[in-house]
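Colleague: As listed in TrEMBL for this protein:
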type	residues	note
DOMAIN	B:6-121	domain 'Semialdehyde dehydrogenase NAD-binding'
BINDING	B:T13, B:G14, B:A15, B:V16, B:R41, B:S42, B:S160, B:G161, B:Q316	NADP(+) binding site
BINDING	B:R101	phosphate binding site
ACT_SITE	B:C130	active site, acyl-thioester intermediate
BINDING	B:Q157, B:E210, B:R236	substrate binding site
ACT_SITE	B:H243	active site, proton acceptor
There are 2 protein chains.
Amino acid sequence: MSKSYRVAILGATGAVGTELLELLASRKFPLADLKLLASPRSAGRTMQFGEEHLPVEPVGELSFDNVDIVLASAGGSTSKLWAPKAVEAGAVVVDNSSAFRMEPQVPLVVPEVNPEAAADHRGIIANPNCTTILMSVAVWPLHRVQPVKRMVAATYQSASGAGARAMEEVKEQAKAILAGETPQKEIFPYPLAFNLFPHNSKLNKLGYCEEEMKMVNETRKIFGSPEMRITATCVRVPVLRAHSEAINLEFDRPFSVEKARDILSQAPGVRLVEDWQANYFPMPIEASGKDEVLVGRIREDISNPGGLEFWLSGDQIRKGAALNAVQIAELLVAKNWVRKAAAAVSV
Amino acid sequence: MSKSYRVAILGATGAVGTELLELLASRKFPLADLKLLASPRSAGRTMQFGEEHLPVEPVGELSFDNVDIVLASAGGSTSKLWAPKAVEAGAVVVDNSSAFRMEPQVPLVVPEVNPEAAADHRGIIANPNCTTILMSVAVWPLHRVQPVKRMVAATYQSASGAGARAMEEVKEQAKAILAGETPQKEIFPYPLAFNLFPHNSKLNKLGYCEEEMKMVNETRKIFGSPEMRITATCVRVPVLRAHSEAINLEFDRPFSVEKARDILSQAPGVRLVEDWQANYFPMPIEASGKDEVLVGRIREDISNPGGLEFWLSGDQIRKGAALNAVQIAELLVAKNWVRKAAAAVSV
């Protein structure tokens, strides 16, 4: 006799929502019921789940009655509005937005890094920022062996980070440019096809954008290292899906390349991709659709012997968002951490 | 009465050669004669120079007779073969290839940084690597005020770095992908359209590729700072023209952002591009075709207070190659450093 759970996806029709649906089916999540919720604008259509076609319902006051787990991926303001109501109705919410990530009582969880943090949830568990998740999966196995003193990251972020429509926008822009026409823009402030620009999230007084500060603050919280020194330059690139990152790490004492390679070759959620003869390393087209973060080019930093540099590519929608959320839900199930108040249905 | 010079372009038909031609015309270089040289395969055609159409001649043993200045941009092996012959014939060679850059007796010159080095030439002056030139123009004005102790760079390099055909390849690949077809590759080892990968130059035993080691070694030579600590991650991105770079600088003592901005706003060859309200910073599409290196997002490194981070985009073919070479030639003319043995023609 195994338990199964009543799950709702809030924001089912978006890029991450679509992926959540696929993952719940392919990973055989123990479902008693699956409810698809979206804004009234997106509701009314049906979406495929395995062999079934499920209706997308408009989210409302009664949506979370008889729901055990909510996977929310509809943006910060939607989560702020509906997550507390879902918790009140007895559900646990795994939230993809940035709304609750830095609240002290909300666990911020990457299952390969800090699964135990999920135990203390009070109804909401936050899924970290995509860029942070991908980096955390690769840096944590090193950090737990020898603490990282300082990290300098530069990112190469795909259009998918801004949603499904952003991916279409880049394709349309590329078509226009190849036809000798002027590219149109709607989602991004500047043309992205055959171009790139610093991440267009809001800048703080120090000149860091939100995306960069997420890498700084969320990593510190996930790692439980509030003093960790981190800086990042986040950049949008004309790639459709999967982010890449150049990571430079400083340690208190030298970290050998061999040891790092050995650790990362066995690290959960990491796939080592290195063929030095063929100059073959992680690439976004190969990371797309994959569960693992591809890691390679692990080398000693010649400007700081004993420091390390490496390169990664990871699917932003999958491990960077939907997969991490489903893994959190699986963790809750495995550890019996789905909220006691929620009625788990025995089948 | 002003002198004018007999100039030959070796590798006239390539992406950089074409730009050299345009620059000699637009900058009104004091020409007594202009000879276009290329491999026998590319010879025979004509190229436009201002109002004229000039024939492209096959390079040969007699090509450098009666030539004062050779601008060579035909690759390392061609330069190794022909540059010594040109010098023997009495010309000074400004060489775009990597063949002679690290030879102790060959000056490696960025006119905004170390013009005086050109005085000591013995017939060959090397033009640095494109990525190095763009970075040097922006970092030098800071370094000369307060020495950079360590630099961590991540690059975003366009297809143009691999020549005119590479730019076409990326466009063809994008067309194929948009049509649902499999992209073909010839110049690059992997598809570059909607993708990216670590720079595909040869890797050394430490795992650094040639492009990265050029940034390390050439910068040290240009800056006259053989001990400067530099590391770089070089990455090819699906941009047609102009490279971008994320630069992290450490100094011996704190360097204020205000001072850095003030210095860079007046630095030769630099254009400050920063609109913090509009999230508007250097972009490759705006750097393309421009002489200046666009610099922006100058900010304090929050992981290392007193350190600096900034972002740049610069035209790899123009300032990264052709313009820098023409500026060296202009410097030789202005300082009367064109080799004495070469007969300068009075007009």
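Glycine too: its Cβ is placed from the backbone N, Cα and C atoms.
Keep in mind that TrEMBL annotations are predicted by a computer and have not been checked by a curator.
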Colleague: With DSSP, how much of the domain 'Semialdehyde dehydrogenase NAD-binding' (B:6-121) is helix, how much strand and how much coil, in residues?
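Modeller: Going by DSSP assignments, the domain 'Semialdehyde dehydrogenase NAD-binding' (B:6-121) contains 31 helix, 33 strand, 52 coil.
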Colleague: Taking each of B:C130, B:Q157, B:E210, B:R236, B:H243 in turn, which of these recorded positions have a Cα lying within 10 angstroms of the Cα of B:Q316 (NADP(+) binding site)?
Modeller: B:C130, B:Q157, B:H243
Colleague: Using Cβ atoms only, which residues of the same chain lie under 8 Å from B:Q157 (substrate binding site) while being at least 6 residues apart in sequence?
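Modeller: Those within reach of B:Q157 (substrate binding site), by Cβ under 8 Å and sequence separation of 6 or more, are B:T131, B:H199, B:E211, B:C234, B:V235, B:R236, B:V237, B:V239, B:H243, B:Q316.
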Colleague: Using a 10 Å radius around each Cβ and counting other Cβ atoms from all shown chains, which of the binding-site residues B:T13, B:S160, B:Q316 yields the largest count?
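Modeller: The residue with the most neighbouring Cβ atoms within 10 Å is B:Q316.
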Colleague: Fewest other C-beta atoms within 10 angstroms of its own C-beta: which of the recorded positions B:A15, B:C130, B:R236, B:H243 fits that?
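Modeller: Least crowded of the recorded positions B:A15, B:C130, B:R236, B:H243, by Cβ count within 10 Å, is B:A15.
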Colleague: State the Cα to Cα distance, in Å, between B:A15 (NADP(+) binding site) and B:R101 (phosphate binding site), rounded to an integer.
Modeller: 21
Colleague: Residues with Cβ closer than 8 Å to the Cβ of B:E210 (substrate binding site), same chain and 6+ apart in sequence?
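Modeller: In sequence order, the residues whose Cβ lies under 8 Å from that of B:E210 (substrate binding site) (at least 6 apart) are B:S98, B:S201, B:K202, B:N204.
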Colleague: Determine the minimum-neighbour residue: among B:R41, B:R101, listed as binding-site residues, which Cβ has the fewest other Cβ atoms within 10 angstroms?
Modeller: B:R41
Colleague: How would DSSP class B:Q316 (NADP(+) binding site) in three states?
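Modeller: Assignment for B:Q316 (NADP(+) binding site) reads coil.
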Colleague: What Cα-Cα separation, expressed in whole Å, is found between B:C130 (active site, acyl-thioester intermediate) and B:S160 (NADP(+) binding site)?
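Modeller: B:C130 (active site, acyl-thioester intermediate) to B:S160 (NADP(+) binding site), Cα-Cα distance: 11 Å.
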Colleague: Compare all C-alpha positions of B:T13, B:G14, B:A15, B:V16, B:R41, B:S42, B:S160, B:G161, B:Q316, the record's NADP(+) binders, and send over the largest distance in angstrom.
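Modeller: Binding-site diameter by Cα atoms for NADP(+): 25 Å.
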Colleague: Taking the centroid of the Cβ atoms of B:Q157, B:E210, B:R236 as the substrate site, which other residues of that chain lie with their Cβ within 8 Å of it, listed in sequence order?
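Modeller: Filtered neighbour residues, in order: B:T131, B:T155, B:G161, B:A162, B:P198, B:H199, B:N200, B:S201, B:C209, B:E211, B:C234, B:V235.
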Colleague: Between B:S160 (NADP(+) binding site) and the residue listed as 'phosphate binding site', how far is it from one CA atom to the other, in Å?
Modeller: 21
Colleague: Using DSSP with the three-state reduction, classify B:C130 (active site, acyl-thioester intermediate) as helix, strand or coil.
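Modeller: Going by the DSSP assignment, B:C130 (active site, acyl-thioester intermediate) falls within a helical segment, counted as helix.
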Colleague: Just to confirm my parser: what is the rounded mean pLDDT across the domain 'Semialdehyde dehydrogenase NAD-binding' (B:6-121)?
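Modeller: Overall, the domain 'Semialdehyde dehydrogenase NAD-binding' (B:6-121) comes to a mean pLDDT of 96.
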Colleague: To the nearest whole angstrom, what is the C-alpha distance linking B:T13 (NADP(+) binding site) and the residue listed as 'phosphate binding site'?
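Modeller: Approximately 23 Å lies between the Cα of B:T13 (NADP(+) binding site) and that of the residue listed as 'phosphate binding site'.
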